[in-house]
Amino acid sequence: YCYICHSLQYNADLQPANTCIYLVVTWVMTVLDVLPNVYIGTIEYDPRTYTCYFNYVNNPAFTVTIVCIHFVLPLIIVGYCYTKIWIKVLADRDPAGQNPDNQFAEVRNFLTMFVIFLL
């Protein structure tokens, strides 16, 4: 997304210092993402699988929040990025050489890729 839609800023954004900042932000967000599991749910041991797991089944609000954060939000972000890339690619193409049948095929291919990503 950054390379295609923001190509002029791409090299400036991926300097070593900025890359380190992006890595730190990613790790901080990951830790913040796990913290609700520690404070809201309970950690239980499953002797059948010899593992510990977070038990938050009795809290439906927490379950809905987790689904929104872990599924809906990434889906919206990826959908936005794919749409912006698609718009950029279509805008940069030569409109004189386009065939209406090709446009329909391109839309169908884009939607197929997006649905496959969803699955």
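Placement of Cβ uses the backbone N, Cα and C atoms for every residue, glycine included.
Fair warning: this is a prediction, and the values are worked out from it, not measured in the lab.
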Quiz item: Can Phe62 and Asn109 be said to be on one side of the membrane, going by the domain names in Swiss-Prot?
Solution: no
Exercise. Count up the helix, strand and coil residues in the topological domain 'Cytoplasmic' (1-17) according to DSSP, in that order.
Key: 13 helix, 0 strand, 4 coil
Practice problem: Give, as a single whole number between 0 and 100, the mean pLDDT over the topological domain 'Extracellular' (39-62). | Solution: 81
Quiz item: According to DSSP, how is the topological domain 'Extracellular' (39-62) divided among helix, strand and coil residues?
Solution: 5 helix, 10 strand, 9 coil
Quiz item: Which bits of the chain, at least 6 residues beyond where the transmembrane segment (18-38) starts or stops, bring a Cβ under 8 A of a Cβ in it?
Solution: 54, 56, 62, 65-66, 69-70
